[in-house]
Each structure stands twice: as C-alpha cells, then as structure tokens.
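What Swiss-Prot says about this one:
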- 217-236: compositional bias 'Low complexity' (COMPBIAS)
- 217-254: region 'Disordered' (REGION)
- 244-254: compositional bias 'Low complexity' (COMPBIAS)
- 528-707: domain 'Helicase ATP-binding' (DOMAIN)
- Ala555, Val556, Ile557, Glu558, Gly559, Gly560, Ala561, Ser562: ATP binding site (BINDING)
- 651-654: motif 'DEAH box' (MOTIF)
- 728-876: domain 'Helicase C-terminal' (DOMAIN)
- 1115-1195: domain 'HRDC' (DOMAIN)
- 1224-1247: region 'Disordered' (REGION)
- 1260-1269: compositional bias 'Polar residues' (COMPBIAS)
- 1260-1328: region 'Disordered' (REGION)
- 1283-1300: compositional bias 'Basic residues' (COMPBIAS)
Amino acid sequence: MTVTKTNLNRHLDWFFRESPQKIENVTSPIKTLDFVKVKVSSSDIVVKDSIPHKSKNVFDDFDDGYAIDLTEEHQSSSLNNLKWKDVEGPNILKPIKKIAVPASESEEDFDDVDEEMLRAAEMEVFQSCQPLAVNTADTTVSHSTSSSNVPRSLNKIHDPSRFIKDNDVENRIHVSSASKVASISNTSKPNPIVSENPISATSVSIEIPIKPKELSNNLPFPRLNNNNTNNNNDNNAIEKRDSASPTPSSVSSQISIDFSTWPHQNLLQYLDILRDEKSEISDRIIEVMERYPFSSRFKEWIPKRDILSQKISSVLEVLSNNNNSNNNNGNNGTVPNAKTFFTPPSSITQQVPFPSTIIPESTVKENSTRPYVNSHLVANDKITATPFHSEAVVSPLQSNIRNSDIAEFDEFDIDDADFTFNTTDPINDESGASSDVVVIDDEEDDIENRPLNQALKASKAAVSNASLLQSSSLDRPLLGEMKDKNHKVLMPSLDDPMLSYPWSKEVLGCLKHKFHLKGFRKNQLEAINGTLSGKDVFILMPTGGGKSLCYQLPAVIEGGASRGVTLVISPLLSLMQDQLDHLRKLNIPSLPLSGEQPADERRQVISFLMAKNVLVKLLYVTPEGLASNGAITRVLKSLYERKLLARIVIDEAHCVSHWGHDFRPDYKQLGLLRDRYQGIPFMALTATANEIVKKDIINTLRMENCLELKSSFNRPNLFYEIKPKKDLYTELYRFISNGHLHESGIIYCLSRTSCEQVAAKLRNDYGLKAWHYHAGLEKVERQRIQNEWQSGSYKIIVATIAFGMGVDKGDVRFVIHHSFPKSLEGYYQETGRAGRDGKPAHCIMFYSYKDHVTFQKLIMSGDGDAETKERQRQMLRQVIQFCENKTDCRRKQVLAYFGENFDKVHCRKGCDICCEEATYIKQDMTEFSLQAIKLLKSISGKATLLQLMDIFRGSKSAKIVENGWDRLEGAGVGKLLNRGDSERLFHHLVSEGVFVEKVEANRRGFVSAYVVPGRQTIINSVLAGKRRIILDVKESSSKPDTSSRSLSRSKTLPALREYQLKSTTASVDCSIGTREVDEIYDSQMPPVKPSLIHSRNKIDLEELSGQKFMSEYEIDVMTRCLKDLKLLRSNLMAIDDSRVSSYFTDSVLLSMAKKLPRNVKELKEIHGVSNEKAVNLGPKFLQVIQKFIDEKEQNLEGTELDPSLQSLDTDYPIDTNALSLDHEQGFSDDSDSVYEPSSPIEEGDEEVDGQRKDILNFMNSQSLTQTGSVPKRKSTSYTRPSKSYRHKRGSTSYSRKRKYSTSQKDSRKTSKSANTSFIHPMVKQNYR
C-alpha cells in the first residue's frame, strides 16, 4: 500500500503510535493516534503524543525497510498486507461519527475519492458559519433538521431527502464514493450559542473533537452531545447508502465556491491551507522527479497543483476587494457585490482526484499561537487530518475565562520553538539570520488581532485583575520574552534604557515609517544610539546581520549630537549602487560622487552639497576618490565648517588592516581624516575580522575608547562541506541535480578562463542554466548577466571571488568553491553570500593541495615586503589546515578563527565532519617525520613535495631512479602508510613550518614549487623530541609500526585566532606573531648542494616579474595572449616551412604577452626583437596583441578608480597632500575645538521643498552603474566629449584607445607600499 496525499495522515498517526519493531509483526488492528482538541477563542490547539520536533522532515523518520514507500517501483512495504477494515478510525471523529471505510475496498479505491467535492461540502459548512462563540467539547452545534436548510450548493448536487429521515435523531447529508464517506452531521437539539447573529437557516452541524472531561466542565463554552448510542446503526446505514451516492466525476464540475460571501478571517485561514497544500504538492513532485526519474507518479499531482493555484488567486482577489471596501462588520469581512467564484475544471477533476483537506500541525498551531507568522515558512511539517473551523472571535466571551480555565490551558504543551518572527531585511541584509530581534508592537500591526493573543491577554488580565493590554501600548510586552530556534524576541519598553534617549521616539518613527521595518536586530539599536551620541562605533556583524541600517537610519535623524551629511566610504561601486537603489525607493536623499558619473552629474551633486540648505543625507565615495580628489576635499571642508558633517562611515573596514584578507592602501590613509575633521564621530563596519584585524582597524582609524559591538559569526542555516577535487564536473552535476536544479547558486573560480570553462561545461554538457561573469566582459554584458541571474533566468553564476559583494539576492541556496580561497576570512565572506534569507543553504569547497601553487605564484610576483608576503603565506597555510583537518567541526574551526567559542554539539550535523560516521584516532607520526627530514637533507638537486613523498613511499619512477633518490636513506619508509595518510603527513609538515615550498619559474616561464627544509629551530625541536607530530587517521587506515603511539581522539580544537601558525590537528604551538621572517637555511644544517637549491634563473624571474605586481587578471591575460601568439607563430612556420629562429622565440613572445606593445616602435623595445623582424613580422603579431589591449581597456572602464578626479594613471594615491593639514585650506589646528551640529532645517519652506524634489528627481535619473534596464551599446568604440577631464589637462587625443594608453603604461609603476591583496585594486572590484 503506497503512501499518498490522501492517506498520509493515517500512516503518520499510526507510524508514530507503533514503533517500527511492532510494524512488521502486527497482528491486531492498528489503533491510530488520538487527537485531543479544544477550542479556545475559536483557535484550535492540538496536543499530540510522541510527535517528533516540527522542524524535522517527517520523511527522515521513515525506514525503507519497514512501512513507508513513496514510489510505484517498490512494493515491499509491510503495509501492503494490512486491511483497512481492521483499522479503527481516528478518535477525533468519535463524538459524532467515524469515517466508515468498507472492508471490501482496497487502498487504491480509497485514493480515488473526488476530493474537490469533499472540500466543497466542507467549505460550504465553513462559509455558512458566522463568527461564533467558542464551543466546548461534548456539545453539538445544531439548528434545524429541515432539508430545506441544507446549503444551496449541496442542494444542487444531492437530494437530501434521499439521505435524511424525519424520525432520525441525528440527520446527515452524505457525500460518498465507493470507498469513502464525508459526513456533515445535524442534530435536532437546540443551539446554546451566544452570538449576535445566530445561524438559524442552516441545517448543518460542525464536528468538534472531544476535550477531556476534566477540562470541558470548567470552560464556559456550550457542550457537544456525546450520545453515541446509535453509532453502530449509523455505520451500517452509511455503508448501505454508498451505492446510492453519485460518483465524484459526475458532480465535480458542478461545484462552484463563492468566496465573496466568506468571513474575512475564514478567507485568511483558508488561504494558509491552500498555500501549504500547494507547497507540499510541489515538494512531492520535485522529490519524485529528482529521486526517481523513471517514475511518472508525479504527473497526477500537477493538475492538483494547478487547481490550488487558481483557488489561491480567487481568494486573494476577494481579500483585495475586502481591503478596498468600507467593511464595518468586524471579522466578517464580506463584499456583498463581489462575486468571485472558483469552479474546478471538469476535465481535471475527472482525471485526477483532488487532495484531501488536511492541515499541517504547525499551521494549526501557528494560526492559534503565533503573534506574527508567514504561512509559506511551513514546510515538511507533520500533517494531521484536522477538520477546519472558523477562527473568528466574539470578544464578549473573552472576559469570561476564569482562573481555573487558565490553569488548565497552561497544561497544553506549547513549545517556545513554535514561535517564529519573520524579520524584515534591514537594508541590503536579508532576513532570517541568526540574530536577536526587537519587535515593535503598535496599533497598526496585526499581531493583536490574533485570537490566541487576545485570549492570553484576557487570561493574564483575569489573573492579575488588571485591564486588557492595549494594542497601541509600548509600555509592556505582549508575551514577555520569548525564544525560538533563531531569535530572542524582546518587546521594547519606553522605560528601557535603550529607548530613553531624546531621539528614541524619532528613531522608532523613522524605523517604521521611513524604512518600513518592525524591529531591530541584535546590536542595531545600540549602534544607532552610540553614533547619535557622538561616539565612535566599531561594528562587527556577519553577512546578513543588518550593518547598513546602523548608519542609514541615524542619517535621517535630526535630534542627535551631530546632524547633516553622513559620509560613507565604500570599496565597491556595485555595493554603493545597491544601497543607493534601496535608499531611492525609500525617498531618502542619497548621492554618490564617483568618476563613473558624467561630468554634469558630478557638478549637480556638488551643487546640492554646497547649497545653503543641504538636504542630502548620505554621500557615497570610494577611498581612491577621497584620497586623490580635491573637489571632494573642498566639499567636505565646506560641510565641516558649516557644522553639516554628521559622521564618517567606513564600510568593509577590514580593508584598512594590513592583516586583513583584502587590504587596500587607500583605506590606510583614512586615519588622517581624524585630524582633519576633529570632533566628527567615526563608524567602522565589517563582517570579517578577527581580534588582530579589529585592533589594527581601531588603531589605524584612531578610534580609541570606541563602542565595540560584535555579533555571533555563526550562520546556523549553512552546511559546510569539503570534497576532494576529483571528477569535478560529475560531482558538480550530482550535487546540483540532487535537489538544486531550480535553485540559485554561485560557483567561485580562480581565474576568468576557469569561469568560462566551468560555465560552458555545465551548460553544454550537462544542460544546466549556468553562465560566466568576470571583468573581461563588457560592462553592458555584465549588467545583463547579473540581472538575468537575479531574476532567475540563469540559476548558476560562475564568477571570480569579487562577485557577490554588492548583489542583493537572498535566495542563494549554494556556494561552491572550484578552488580553495586565499584565506579563512575570504572563505567566510564568500560562503556568507548563501542563505541570506535564513533558509538552509549548502557551501562546498573542492580541495586539491596542488592549487596552492597558483597562490604561491601570486604571492611571489606580488608587491610588498617580506613580512607582508609571509603573512599571506600564513593565511594560505591556515586554509590548508582547515581543509586537511578531518576531525574537528568545520563550523567550530571557522568561528575559532574569529575568536568565537563554539560547541560542536550545536552544529547539529551542519558540516561534513559532524555527519561523518568514521572513527578517527590520533597517531604519533614523529618517527616518520624524522625520516622525511633526513630524506630531504640527503637529496641533491630540486624536488617537489610530490616527488619527495614518492621517494618516501619507495617509488621507482624513471626520474627517481635516474637521480639515485631511491637509494637514499629513508627511501621507502612510508610504505607502511597508505597514500592518503602520507599526503596529509607531508602537507602537515609544510603547515608546521618543518618543510617550506619555494616557488620558482623555469626558463619557459612555468612556475614550480620546490620543497626545502624550514627554520632550523623548528627542525631541531622535532629532532630533539620536544615537538611531536600528531596526525588524525581513520581507524581502518594502515597503522605505523609499534614505535608509534596511539592517542585518543582530541576533544578540543587548537585556536586559529591571532594568526598563530598552529595545526588544528597538532598538539604544539608555533606562534607566528612574534616570529621573524624565516631564513630558508641555517648554518647548522647546510644543504648538500646549496648552490643548486639557491640557484635561480634570474633572467626568467625578471621576465616574469618585470612588473612588481601582476594581478590574477593580468596573469590570465598574459597566458591567453601567449597562447594565441604561439598559435600564430606555428601557422606561419607551417606556411613557410621554417624554424622557430626565423620568428620570435618563446621568451620574446612571453615579453610581448606581458608588455602588450601597441605599435612597431614599442615592439622594438622588447629584448630580442630585431628591427627587421619588428617591421616584417610585427604587424601580424600586433593584431593578436591588440585584441587583449582592447579587453583590458574595457575592463578599466568599470574600475572604482576615479579617472575624472585625478587620473587613470594612478593606482595608488600620489597626492598625499590631499589629506594633509595645511592652513591654506582653512583647517584649524585647535585640537580642543568642540564640533557642534547646525540647527535643523525647517520643514515647509518652499525653497527647501523644491530642493528636496530636485534631489529625488536627480536620484532617479543618476547613472552610476545603470542597474536598471541595460541599454544597448551602439558601438564598442567610444570618444569622450571635447570637455572631458583629459581635454582640460591638455591631452591631444580623445579617443578611447588613447585614453587608456597612458594607464596601460603607468599601471606597471605601482607604489611600493605593501599590498596584501592577491588582486590588483584597479581591477579587483570588476574581476568577477
């Protein structure tokens, strides 16, 4: 017997009552789970026993070997042997009548009932119910036995006289098929209901389940008739009448439901049911399609889902009409003139049985207990076959609840975990993150209209003999302090110290009416009060925590210690534009000042800021523009002198720190603003900073004694997983196709070429909706792809790591790293772009140790001193340690890096380690490590880490035998270990500093990493036995010899904080914070042939690092250009049948690919290019090079460097005097001067109103990045107008090609300041 939508509730009830052990050998009739239900203020409270936690997917509890089977293919379920004649009906229906199921009918017949007809009968009763008083158990609601009082829609279908006998004590209207009966009971007893509009014209009674006797006697509700003397006779009568019932298919098409006559509250309840059923059917369809692709069972659910969609549309239309009408009927919000019917298509209802009316348990509980709820959040909840009743409330009865009733009500088990609050996104940060929420209760919220809240308020009032709480009051909490799984909810009080500031009422008003939010998340209110008090504030919040609101809301407050313009320094134009778009929708005057704007727009912005009445609230600039632009400096000076500079905000503040993973030199100069604008409060915000980075930010920005606010970094909805990088595309497709085909995701790659290859492979070979996104694309194309992805046309975006920082998309369900990231900070930030809506999301990293060579090459070719590069290597080693760790919880490792203690018990299988069932033990690998050290010492020449490991394992490869390495002492010792443990051992020795990998380039420009001994002090500690090398190995792995000792599995995690070079699996500390730069060799242990190891090909290194810094993008361009140049050379050689010497050698082509000469003259400057070859062969090769020159120029067009403010030729700030304290610019040296804000602008002034209108109109027309509709580009060539900034500087060429020619040349002349970023600042923000 297969579980279906119609009988799933029976199976669930029976399954949780009987254990799996009882299922197989069941011989007695199965007793279903009792449902105990009582009505309190017309809200159904359901209490059940032995029901799993509601957040758990009920399908997870089913065992394939026992009862439940969801497909047609598997017919081994033990339920196949059960007979429904032995199954007792649910006790919930006993007071009136059980659903009689003929014993002769099969389960398949039971599934074929026309559920639409049953729903119509039920809903006819539902809509005919006026808002009633609360009905207790043991009493039946009744009005008349006359058949003329039967609902009209049922009279159209059935003749009640065929079923009703005048002398029956209980009369019923039966709508039945061959295998199922729906009964609507009527009694002849009078109705003792207290109501203003009692129902007297309807011969219908409502089936209400029994409440236990001990409670029902105390509640002041009418009673149900519990006379069951005629039950047996009625059952027999029902079975006899089945044959006389019309078939479902013959009547389905005649049923139409007039939703316009329903009470408003009933419509809301019914809408929740429809949405829940549609969601469940959709989940079922997707599950069957993906898990059982050869089954066609899902097809029968598609028409059901379509009918539900039509019903939802009909109900929403009525609700919309109700909202637009003047309804004074309380909860009975009907629209007499609105005729909105739903008639199910006969073709559909005849083919497919409609699902039964079943209500998820959580929906019943939510509708009766939750102050604020979204029905769509209910998914995969346990469902129960619960008849639906009106939730309308008659308020006079609320005051009749007595103290004894309250005590008995408290016996019900209402789990705090069932209270959920849908928190609205506080500006760019999606809802649902694990953070605290302060919910503001006011008269316009619908919280107070929930029946259970009113009952609870009345109950508390009865106990305390106090009056009911008023819905408009902020003085007391409604339900006090409540906790659920994700949020700690605090109702604010005006007596609360956080709301006792002079500006508190203005803050609450702006939150509601300006930003349309209902509350604050954790630390938001504290940050707002801090900055409005004139304090410096440092905010550390995870992605999705609501950082932007902390400075956007204070910007519109007039009552703070400072008022005027809030200066926001943001690193990315896309991030700026995203916030500006949101502020524009809120009508908050906010403007950018960037080189991306046309000159006339920049002049307009400056005019708004220099006006007498400055109405601009937020001004967004980039750090590069602030450091190099005199115009911005003059504007800020004017605002400061007029007391109109409110605060300075540094977004993404981790860019300030040298220790940060994304250091920007221009951010380092922001500390000078402290001297220039004395008395102005600073605010620094970041989502990724450990303790060292935080202290560096505070010291650099001179924010001593600032208010520090830190939220938890934990993202409980993210699942972390690391997979080996083997059979990558198969693994990618397997993951995406297993439940993620229709979901949005990001795949991060290391280079632009990888992005294109991965996207093309997934799109062409696997049919996935994937597209690449990177800086090599034209700006218009990038905008189009991003918009298509955000709208859902593309499900997967394959991009480089910068993508996603400025993208506001909360429903990203997975983030995949094609290669491991450069730091744990970067990993946390990139994975944080998934699941910002609070729903579960998956984070996967494909790990291969050899990928680190690419990062080593970038570090080697990058700018910065030895200390800077060593810090980069430290961050890289930490990522390797994180990936190699097989025992410690992933979440715990990440949070430990940020200095947050986390118990892995709370991970709840939220990572691959916690889901791992394998047993790991600690193995002492010190003896093996000593043999590896001796082996490396005895090797003459260069060897990679892989070659050293092969020698250690006794490999007999040709190169090893040729060099005689197989005869060295220690060769073959590692045979006792399996290869996986050997690899992890050598990687562990590298992370511990015992071995060091030295990256070098060969003559052809290819980079290799050769292994050499590390610091002598570390090696000596291992040789002396002071440092033990401990490795986690699977218990089934090959064991070392008896000399190794086994340790118990570690229960603690060594800290990752403070950049200590320690292994997460080792028991030793190796602090790097106080360590000097490693010397590769020490005099106490000289290499056998140091000249060979130290030797470098200096010419090749100079060729490779002719520029002191080459970004990842530039290396990618160089590689592709070199490939095309070699291809051209091969074609020319084939035509002329000549040798390489007749053309350009590989080294010459490499220089051409790096320098990208534009003409023959520049080509001649390359070493090895003769005049003859330059003239004869140069034009052909220059045509290939020109393509890459154009690409780089297009890429520079979207950079955040402001070309119109100084020059595109500057990568770093050259005019450092722009931030100096010179008296000529009018700044005072008086450090004791007090900065006082200006007076607020008076509202109502015509000039002010006109200027505000001009600013808002300008905001709607400004074109920083054109995030709206993407314009069509007429031509790829572009010519600047004659009044461009280059014309003012006397440039002789205005063509776009010429515009970037100087930039192309001078970009090689980078500053000598340390830059720890792997990606060049000029191209970083668009290198996606």
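Glycine residues also receive a Cβ, built from the backbone N, Cα and C atoms like all the rest.
This view paints the features noted in Swiss-Prot onto the structure.
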{"residue": "Ala555", "record": "ATP binding site", "Cβ contacts under 8 Å, 6 or more apart": "Thr566, Ile588, Lys617, Leu618, Ala646"}
{"residue": "Val556", "record": "ATP binding site", "Cβ contacts under 8 Å, 6 or more apart": "Cys510, Lys514, Ile588, Lys617"}
{"residue": "Ile557", "record": "ATP binding site", "Cβ contacts under 8 Å, 6 or more apart": "Trp503, Glu506, Val507, Cys510, Leu532, Arg563"}
{"residue": "Gly559", "record": "ATP binding site", "Cβ contacts under 8 Å, 6 or more apart": "Pro502, Trp503, Glu506, Leu532"}
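Residue counts for the domain 'HRDC' (1115-1195) under DSSP (helix as H, G, I; strand as E, B; rest coil) come to 64 helix, 0 strand, 17 coil. Counted over every protein chain shown, other Cβ atoms within 10 Å are most numerous around Ser562 among the binding-site residues Glu558, Ser562.
Confidence across the domain 'Helicase C-terminal' (728-876), taken as the mean pLDDT and rounded to a whole number, stands at 85. Compared over the binding-site residues Gly560, Ala561, the count of CB atoms lying within 10 A of a residue's CB peaks at Gly560. Val556 (ATP binding site) falls within a helical segment according to DSSP. Residues in the domain 'Helicase C-terminal' (728-876) partition by DSSP class (helix H, G, I; strand E, B; coil) as 68 helix, 26 strand, 55 coil. Residues in the motif 'DEAH box' (651-654) partition by DSSP class (helix H, G, I; strand E, B; coil) as 2 helix, 0 strand, 2 coil.
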